[in-house]
Structure formats: structure tokens, C-alpha cells
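Database features, via Swiss-Prot:
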type: BINDING; residues: C7, C10, C33, C37; note: Zn(2+) binding site
type: ZN_FING; residues: 7-37; note: zinc finger
Amino acid sequence: MPRMVRCSFCGREIEPGTGIMYVKNDGSILWFCSRKCYKNYLLLRRDPRKLKWTLKYGSQTK
């Protein structure tokens, strides 16, 4: 049974068989639900807590 994973950028759940899996050189795996999340995280280096369209918007870890 495939498991649901969460997008590493926006926090939304990704259906099995969809999305982008990115493996870093250190072996950690990043999942992205769309090309939009992929570009914002890896290419533009944006913080998901500062973008209103993400589920992580406004959450501060203290």
C-alpha cells in the first residue's frame, strides 16, 4: 500500500504516483507537489512561512 507524503515546501499531502521526489547528496529526500514548490524551494530559496499560499504560512517555531 503506497503511503501519502507531504510536500517539503507547502505542506500539502501528495497522492501516490504524483509529485517530484528530489534526493540530495547527503541522502535526504524532499517531496514536492508541484513545479511551483520545487522552484520556490530549490531555485529561489524562499521561506514557506512568508508565502500566503502555503500551509506553513505564519507558523513560527520557538
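Placed from the backbone N, Cα and C atoms, the Cβ positions cover glycine too.
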Quick test of the contact rule: Cβ under 8 Å, at least six residues beyond the ends. What residues does that give for the zinc finger (7-37)? 48, 53-56
Once the chains shown are all counted, how many other Cβ atoms turn up within 10 Å of the Cβ of C37 (Zn(2+) binding site)? 26
What are the other residues, in sequence order, whose C-beta lies within 8 angstroms of the center of the C-beta atoms of C7, C10, C33, C37 at the Zn(2+) site? S8, F9, G11, R12, I14, G19, W31, F32, S34, K36, T54
If you count the other CB atoms within 10 A of the CB of C10 (Zn(2+) binding site), including all protein chains displayed, you should get 20
Taken over the zinc finger (7-37), the model's mean pLDDT: 96
